[in-house]
Structure formats: structure tokens, C-alpha cells
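Copied over from TrEMBL:
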| type | residues | note |
| --- | --- | --- |
| TRANSMEM | 40-63 | transmembrane segment |
| TRANSMEM | 72-91 | transmembrane segment |
| TRANSMEM | 97-115 | transmembrane segment |
| TRANSMEM | 127-146 | transmembrane segment |
| TRANSMEM | 158-176 | transmembrane segment |
| TRANSMEM | 188-211 | transmembrane segment |
| TRANSMEM | 223-248 | transmembrane segment |
| DOMAIN | 287-419 | domain 'GGDEF' |
Amino acid sequence: MCLWGWPHGLSGWVAALGYTCLPSSFCAGPASVFSLPDRYFALLVPLCVLLLAAALVVCWGVLRQQRQQRYLLWLAAGYALSAIGLGWQSLLDSAQFAFWAPVTGVLYLGGAWSLARGIAGRYGKSAHPRTALLIAMVVLAALYYYGHVQDRLLVRMHWLNAGLGLMQILPMRGILRSQLPGNRLERALRMSFLLFACYTMVRPLLIMLLVPGLQGNDIPRSGYWLITLAGTLLFALWFTMLVVACTVRDVFAQLHEERSRDPLTRLLNRRAFMETAEGVLRDRRSGPWAVVVGDIDHFKQVNDNWGHACGDRVLQQISLVLQQQVRQGDLVARFGGEEFVLLLQRASLLDAESVVQRVRQQLDSSDVPGLPNGRRVTVSFGIAPVQSLEHLSKALSRADALLYEAKQAGRNRVRVDAEAQAAGMVAP
Ligand SMILES: Nc1nc2c(ncn2[C@@H]2O[C@H](COP(=O)(O)OP(=O)(O)OP(=O)(O)O)[C@@H](O)[C@H]2O)c(=O)[nH]1
């Protein structure tokens with residue numbers, strides 16, 4: 001390790017840090033050339049980035065069943081292409097650096113766009129492939145010109161980094177403008193990507209300001225390269241950590257959704273209804289509450305006459321109508337078979353009855369695909385008030401009993417808890 005006295009200012013410290021972190025042959029100053037072992041030492045960073053790419057592929061492989069995880073593959077491709085470019089350039093000398101500039105440019109640009117495609121894919125946005133292609137062509141032409149016609153390393157670096165940053169930033173406008181999940185992890189992921197894209201664009205300028213004494217041809221064998229490698233590795237580690245955390249979160253959210261929803265209608269199932277109702281009924285401000293139990297009339301005939309698939313469509317249609325007729329915060333569940341349950345907030349029995357009447361009217365005026373024209377399905381309902389969380393089970397049984405009465409009375413009708421209505425018995 002070598003130290004040439006105390007460094008002066010920020011740039012001095014950065015330079016010193018760069019030199020002390022490297023093997024001794026690097027300490028001859030910024031103009032020194034890597035010895036062979038140093039070159040292979042510089043391959044460590046690309047190798048680490050490749051390993052992170054492999055980790056993302058494994059993550060994708062494990063989660064292949066989950067929807068919307070393909071973006072992991074694009075991110076992995078972005079890491080891999082950039083790592084191959086970095087590794088290869090680490091082994092080149094200055095003359096080869098210029099000769100191969102367009103080829104390494106293709107690797108870096110491909111990597112940058114894959115990253116952009118990955119982050120865009122995560123949020124369902126476009127990575128603007130045509131604009132990216134245009135940027136790539138302009139940058140590659142510049143790399144060719146300043147590599148083969150005039151060997152200008154610094155100019156090449158500015159062109160390349162500006163192109164890479166622009167490509168990464170392409171999907172950000174769409175992402176930042178839309179209403180996306182506002183949790184901290186997601187925000188950190190988006191902001192990190194944006195910051196890295198901005199850093200990439202100004203990287204040559206920034207590093208030249210921080211690392212003193214750089215001249216054009218020294219750069220591939222200098223502290224610039226070291227900081228580029230370190231920056232890439234730090235970003236890749238940080239970003240992978242965020243991506244994995246967000247993905248794990250997605251998976252848990254999806255598992256929770258699957259555990260809570262009826263797969264056919266996407267309504268809450270019985271368990272999720274009871275769990276969510278607990279929260280609703282604990283909040284006294286959301287009262288008074290009413291519970292509604294509905295059951296399709298002669299549903300067996302629908303299945304028998306027009307097939308099970310048609311029966312499924314009827315269930316979906318009714319679910320849709322129920323969801324359309326309730327307010328935000330009300331719960332709509334399928335308890336199984338052809339039975340539906342609603343928990344209505346800030347609703348008297350009269351309010352609940354008018355919700356049910358609206359449902360019946362809408363069902364009466366809508367066709368179900370698969371059912372013969374004019375053939376309607378009807379639903380019988382029972383409605384009871386809920387006074388508290390402890391009272392929920394009783395209220396459900398009461399509404400169920402009222403539904404049974406409605407069925408006995410000929411179906412296609414609504415029965416409201418008359419005693420409660422007479423007593424004005426609704427939750428406070
Ligand atoms: N298509 C379809 N049918 C279902 C599903 N779940 C339950 N069923 C059917 O729903 C029917 C319920 O029949 P019943 O309990 O006799 O009730 P119903 O024919 O509606 O008669 P009432 O309720 O007395 O008016 C059965 O034929 C079940 O097979 C489902 O997910 N999809």
C-alpha cells in the first residue's frame with residue numbers, strides 16, 4: 001500500500017482511496033498500466049455483477065408461476081450485458097479499447113436498455129424501443145468515429161455515458177407520472193434507478209472533477225475505471241436488494257390475495273370476509289351496519305339446462321352487479337356455492353333494502369351470455385342489522401333465516417328483519 005502524504009481536498013481523498021484500495025502496482029500514479037494480475041483483479045467486479053444477474057434469474061425461476069415477474073429476466077440481462085462489457089474492457093489496452101469501442105458500446109447500450117425494459121416492465125410502462133434504437137445508432141456512430149477515425153477516448157466516454165443515461169431514463173417519465181404503489185420500497189426502487197441514470201450521464205464529468213490529473217489516454221487504466229467499477233457494483237448490489245425485497249413483497253401480497261379471494265368471482269371468501277369485517281366493525285364511525293345474505297333462485301336448473309360454464313358466468317355477473325351497487329368500504333363476499341354476503345357500512349335497514357332493490361333491478365335488465373334471450377336469474381335476500389363485532393355471527397344467522405323465509409315465500413323477494421325494523425334496532 002502506498003500513501004503520498006495527506007491528500008488535499010475531496011478530490012485528493014477520492015484519489016487516495018482509489019490508490020489504497022488497489023494492489024501496489026496501481027500506486028505508481030494514474031498513468032500506470034495494470035499488471036496482468038491487476039487486470040484479473042479488475043474482473044472481480046464484473047464477476048460479482050454476473051452473480052447478481054444469476055441471482056435474479058434464479059429468483060425468476062422460483063417465481064415463474066407468479067404473474068408479472070418477467071421483468072427480473074430483463075434486469076438480469078441488463079446486469080449480464082453490462083458486466084460482460086466491463087469485464088472485457090478491463091482486459092483491453094488503450095489501442096484495443098478504441099478498436100473495440102463500437103462492440104463494447106453495443107454491450108453497454110444493450111445492458112442499459114434491458115435495465116430500462118426491466119424497470120418499465122415492472123410498472124407496466126414502455127421503455128420506448130424506437131427512441132432507444134435511435135439513441136443507440138447515434139451513440140454507436142459517434143463511438144465508431146471517435147474510435148476509428150479520430151482516437152478521442154474522452155469524447156467517446158461522454159457520448160457513451162450520455163447515451164446509457166438517456167436510455168435508462170426513457171421509461172422514467174411514464175413511471176413517475178402514473179399513480180404507482182406509494183410504499184417506501186417501491187419509491188426507493190424508482191428513485192435509485194433514476195439517480196443511477198442521472199449519475200451515468202454525468203459520470204465522466206463527475207469523476208474527472210473528483211480524480212485529479214487524468215488525461216484522455218490514461219482513463220482505462222486509472223482511478224476513473226476503478227470508480228466506474230465500484231459505482232456499478234454498489235448500484236447493482238443496492239438495486240438487487242431493493243428488487244428482491246419488492247419481489248418478495250409482491251409474492252406475499254399475491255399469496256394473501258389468493259388466500260382471500262374466490263377464484264371464480266374475485267370476491268372475498270368467507271375467511272377474508274370475517275377477517276375484514278372485524279376491522280370494519282371495530283371502527284364505530286363506520287356504523288350503523290347491515291348484513292345482507294343473497295342466494296340465487298333455482299341455480300341448479302341453470303347448470304342443468306345451460307351447462308356449468310353458463311352457471312359460472314351467472315355467478316360472475318351477479319358478483320359484478322353486487323360490486324357495482326355497493327359503496328367503497330362495503331364488503332362483498334361469496335360464501336360458497338351460490339350464496340353471497342354483503343356487509344354495508346353507514347347503512348340503516350332501509351338503506352340496505354334499497355341497495356338490494358337496485359341489485360335486483362340491474363339483474364332484471366341485464367342479459368347473461370349463454371342464457372337464452374330474455375331469461376333472467378333472480379336472487380332472494382335476507383337483511384339484518386349488525387350491532388357489534390360480537391353480534392356479527394348472530395346477524396348472519398338471522399339474515400340467513402330471513403333468506404330461507406324469502407325462498408319459502410316463493411323466491412325472488414327480500415325479507416328484512418321486521419322486529420329490528422319495528423324496534424328501530426340498528427347499531428349506534
Ligand atoms: N356453475 C357453478 N355451479 C355451482 C357452483 N357452486 C355451486 N354450484 C351449483 O349450485 C347449485 C345449487 O343448487 P341448490 O342448492 O339445489 O339451490 P338452487 O337450485 O339454487 O335452489 P334454491 O336455492 O332453493 O332456489 C348446485 O347445482 C351446485 O352444483 C359454481 O361455482 N359454479
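Along the chain as shown, residues are numbered 1 onward.
Glycine is no exception: its Cβ is also placed from the backbone N, Cα and C atoms.
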### Query
If we call contact 3 or more Cβ pairs under 8 Å (sequence gap 6 or more), are the transmembrane segment (40-63) and the transmembrane segment (127-146) touching?
no
### Message
Give me the DSSP three-state residue breakdown of the domain 'GGDEF' (287-419), ordered helix, strand, coil.
### Response
61 helix, 31 strand, 41 coil
### Query
Tell me, what is the mean pLDDT of the domain 'GGDEF' (287-419)?
91
### Query
When you scan the chain for residues with a C-beta under 8 Å from the transmembrane segment (188-211), skipping those not six or more beyond its ends, what do you find?
10-11, 14-15, 18, 30, 112, 115, 119, 122, 154, 157-158, 161-162, 164-166, 168-169, 172, 175-176, 180, 222-224, 227-228, 231, 235, 238-239, 242-243, 246
